[in-house]
Amino acid sequence: MQTQEKRLRIVSGSQDCLIRIWNADTGEAIGDPLQGHSYEVTSVAFSPDGKRIVSGSWDESIIIWNADTGEAIGNPLQGHSHGVTSVAFSPDGKRIVSGSEDSLIIIWNADTGEAIGDLLLEHSDGVTSVASSPDGKRIASGCKDCLIRIWNADTGEAIGDLLLEHSDAVTSVAFSPDGKRIVSGSKDSLIRIWNADTGEAIGDLLLGHSDGVTSVAFSPDGKRIVSGSKDCLIRIWNADTGEVIGDPLQGHSDQVTSVAFSPDCKRIVSGSWDKSIRIWNVDIGEVIGDPLQEHPHEVTLVTFSPDDRRAVSLMQGSDTTLAITSQSNTLRTLILTLSTNTSPFIPVTLMMKAGCMAGTLI
């Protein structure tokens, strides 16, 4: 699922094997559904220029599409032996990276559809999260095997040693805006900051959550980190010192599943299994107004769009619902209901001004 700023489109993948493109302002479907996968679609992403869409599926294939005509470009990319869980374009749009339940990461030439170099083989269990560095030169991956690996995006070679601090599945990885650091969150309730060049841990573990961390993100200025957890709390951290800033943000009555900073760094949006979305004032740590919407099902992802006027949320329940909430004074809400997605992984990519931001929800 992804928003694209200039044309305000949304692309969605579903268990019905179809991909749909939507008008983000009207909620209307654009054209016919994209048909090509034989099993549920698990991940979709726009290219940085918005001209192509890449999709991954539990049918083990990846397809590149023309975003304007909806036609498949070339043949499906074949290389994984189990379901594809995460796909993302590089910031320059020349490559695609994919992660899979087969524990492999593959880098593809986005123009020819050919695999570039050797398979990235270091993980021993399913890959849960992949992220591209802002300059497109490195890839970070998180895995069920508790490990994080940094890769050279040009050669496919692992850079340095495995990042070994976590004792349970890594759930979220993200690069800092300058590409010098990586933050990781894990089911072990810990957060770790890493030197993206050396792979060494920076400072102490970030301790404050009493249950598994579900989501981590840097602020756009790189000065802070926000984390959400199964303990129902949101915490803000100093990205340089690792110290917690202020008291936890409290208001959700069930686990927090997703957190994100606004582009101006002044607000945080959070989603929770309590079926609500909340917006917080970062400086004072207080919720802004009432919950944006009482969702019929658990909220699993929220993020601001680049223009700072919309928040995107994904809910999982008897159906899967995408809600786009306007941040204007009227707080208008558009809800799109998609068919059920029972996959344990929900990969999501958002088009940012400086590139793509990708993550996988567990």
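FYI, residue positions are counted from 1 along the chain as it appears here.
Using N, Cα and C of the backbone, Cβ positions are placed for all residues, glycine too.
For reference, TrEMBL has these:
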- 1-32: repeat 'WD' (REPEAT)
- 34-75: repeat 'WD' (REPEAT)
- 77-118: repeat 'WD' (REPEAT)
- 120-161: repeat 'WD' (REPEAT)
- 163-204: repeat 'WD' (REPEAT)
- 206-247: repeat 'WD' (REPEAT)
- 249-290: repeat 'WD' (REPEAT)
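DSSP assignment over the repeat 'WD' (120-161) gives 0 helix, 19 strand, 23 coil. Within the model, the repeat 'WD' (206-247) carries an average pLDDT of 94.
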